[in-house]
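Encoded as structure tokens, the structure appears first; notes follow it.
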Amino acid sequence: MLSVTANTIRRCISQTASLGAATAKLKHTLPDLKYDFNALEPYISAEIMKIHYEKHHNTYVNNLNATEEKLAEATAKGDLNTAISLQPALRFNAGGHINHTIFWENLSPKGGGEPTGDLAEQIKDDFSTFERFKKELVAATVGVQGSGWGWLGYNPVSGRLRIATCPNQDPLFATTGLIPLFGIDVWEHAYYLQYKNVRPDYVSAIFNVANWNDVSERLAKARMQE
């Protein structure tokens with residue numbers, strides 16, 4: 001009897017350890033920035049970058065991890081009411097993490113100018129000119145009511161580029177089916193310390209640090225999903 005109990009305890013400990021290891025692997029973390037906080041100046045200040053990355057994005061990551069832990073507990077208990085009640089928090093914080101991870105990579109101190117290669121050709125096919133594309137994206141993004149994002153996305157069904165906006169932290173693909181290529185964050189925390197309430201100046205300035213190489217790579221990967 002003692003032997004059976006001991007074996008049971010050992011199995012429980014082993015299972016708990018395995019579950020803990022699996023949970024640790026699932027933890028989300030802040031992505032590494034490929035440039036310094038001051039690298040995007042004068043278009044985005046070091047102060048904004050530091051707060052945006054270390055405070056806001058980090059909060060989404062921490063809240064996402066906490067929400068997923070609660071969701072796992074509710075699912076294990078078969079507590080559907082709690083699982084359902086957690087969906088808004090999951091959507092908001094997962095979206096915040098997804099969106100910002102793309103945003104940092106969409107920017108570069110060596111960015112700006114106009115895209116080349118396949119991306120340039122696709123923009124020409126779908127918008128006639130780069131300037132027309134830029135004008136449409138700026139107008140849509142500036143027009144976001146309250147907080148949200150402006151996006152250049154790829155429609156894997158039609159094979160065409162599309163401009164879209166999302167409220168709050170809604171992720172583009174999960175809510176529209178468009179694959180995100182280039183996003184502009186228009187939450188006030190992304191620009192207010194520097195641009196105050198002049199959102200159009202901030203949105204236009206983003207194009208000076210746009211990482212078209214990253215956007216081109218995303219387009220190439222998106223085309224593979226057709």
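Note: Cβ is positioned from N, Cα and C throughout, glycine not excepted.
Here is what TrEMBL records for this protein:
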BINDING   His52, His100, Asp185, His189  Mn(2+) binding site
DOMAIN    27-108  domain 'Manganese/iron superoxide dismutase N-terminal'
DOMAIN    115-218  domain 'Manganese/iron superoxide dismutase C-terminal'
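Taking H, G and I as helix, E and B as strand and the rest as coil, DSSP gives the domain 'Manganese/iron superoxide dismutase C-terminal' (115-218) the counts 51 helix, 24 strand, 29 coil. Secondary structure of the domain 'Manganese/iron superoxide dismutase N-terminal' (27-108), assigned with DSSP and counted as helix (H, G, I), strand (E, B) and coil, comes to 58 helix, 1 strand, 23 coil. On the 0 to 100 pLDDT scale, the model's mean across the domain 'Manganese/iron superoxide dismutase N-terminal' (27-108) is 97. Within 8 Å of the centroid defined by the CB atoms of His52, His100, Asp185, His189, the record's Mn(2+) site, lie the Cβ atoms of Tyr53, His56, His57, Phe103, Trp187, Ala190, excluding the listed residues themselves.
For His189 (Mn(2+) binding site), applying a Cβ distance below 8 Å and a minimum sequence separation of six or more within one chain yields Ile48, Ile51, His52, His56. On its own chain, His100 (Mn(2+) binding site) has His52, Tyr53, His56, His57, Tyr60, Asp185 as residues at least 6 apart in sequence with a Cβ closer than 8 Å to its own Cβ.
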